[in-house]
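Reviewing the structure listed below.
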């Protein structure tokens, strides 16, 4: 009896619950119906398996014919299908059943895995109850009270505060609370949300948008101030002043025709210009002078209940307006002439600045002492053109080997994928150019030229080649045009695939270094006074 009481205290079969498979985290408060639906390790032996529910025996019951069943399973079978054993069909009644305590103890001592997904804990079956592992398991799941999703208990707080679609959040602009899944709807109507003007793209809050477009936006479309008089033009607000200036004469004629019609009909409209529009003081004065005649008769002409104004008064006002139109037309022509003159002066200043910039660059290249670094920017665009099979040829600015010295330049050629024997290579050549000191130098040019594509990474493993000039080649003769069409260099200097192996291209810029060391030889003809060209003092070291 004591053994039976101890088993009942430790056994989950005596508690009002059953195990849920997979992700269930606790025992549900319903009467146990079937066996234990848990994973045994090692797997459950068939002798401990209920023939009815095919699960581990819960409250094992034995029959006189020697078969074992779950207590609830066999009792339900007897009541539903008749008083017979489900296995051998022998006659069986409930009072013939007796508990199999040995099998119960054996089953409760078997090792099982925690049914919670992700938990690797193992324990005896008797320990897998509400008061022990399942209650403390960090992988147990509960229903979120907001969205009713099954959430791991250890993640519940994080889910409620940052993941749940039903959580309440506060708008950072208007501080109003709303459900998170409705945030897009709120953002579309929040009065304090940041929006961009559809015309000028200025950042505003939504409540300011209407007034901004009506009064301030420089690119919002508006009607001409003289639309009430017949002008049908529409333009952006910042173009209104230019429109008013260019079409002043047309506007005055519109207004004159409008007022002439009024004088014939003897009526005036409720308003001569649209609400919210603004006229210049001169335009308002012109329109007012037409509407207002001198004395009481002039005032009477503006009333719809009085007699029309006299034609002679209207003609006087029209002549005044015509005079003003002629004056404004002359002023406009003078402004146009002034603007054209200033535009010409500005163009001349820009040309002079460009010439000065070129002169400064030329002076810099004269003092580079034969060491020139060519920064080829926007190199990715050249690579794209090369991949498309387009010819890519770039020439560097001219530079000097000294002062006085020879003037040279570099030529870079990206070979296309279809080029024979040199496809996808960088070709690099040196050209002689006409310089300021050509008459003082010895020709043909002789010396050592070091070409390098610089590695812009921390290791600095540059790709460099060294070549000696050949005096008998046309490339080193005194140039007769600005740049010698013949060059000397390498057709296969560097394969394009090697650019990505090191940091040859950084910030979309390729750096090419050229170091020239001229060599003076008295056996060749020299024009003018004998001057020894000065070259660089420190040669490039091979990496």
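From the backbone N, Cα and C atoms, a Cβ is placed for every residue, glycine too.
These features come from TrEMBL:
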COILED    339-366  coiled coil
COMPBIAS  9-25  compositional bias 'Polar residues'
DOMAIN    50-89  domain 'RING-type'
DOMAIN    133-184  domain 'TRAF-type'
DOMAIN    186-240  domain 'TRAF-type'
DOMAIN    369-516  domain 'MATH'
REGION    1-25  region 'Disordered'
REGION    523-543  region 'Disordered'
ZN_FING   133-184  zinc finger
ZN_FING   186-240  zinc finger
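As a whole-number mean, the pLDDT of the zinc finger (186-240) in this prediction is 87.
DSSP places the residues of the domain 'TRAF-type' (133-184) in helix, strand and coil in these numbers: 20 helix, 12 strand, 20 coil.
Shown for the domain 'MATH' (369-516): DSSP residue counts in helix, strand and coil, namely 20 helix, 63 strand, 65 coil.
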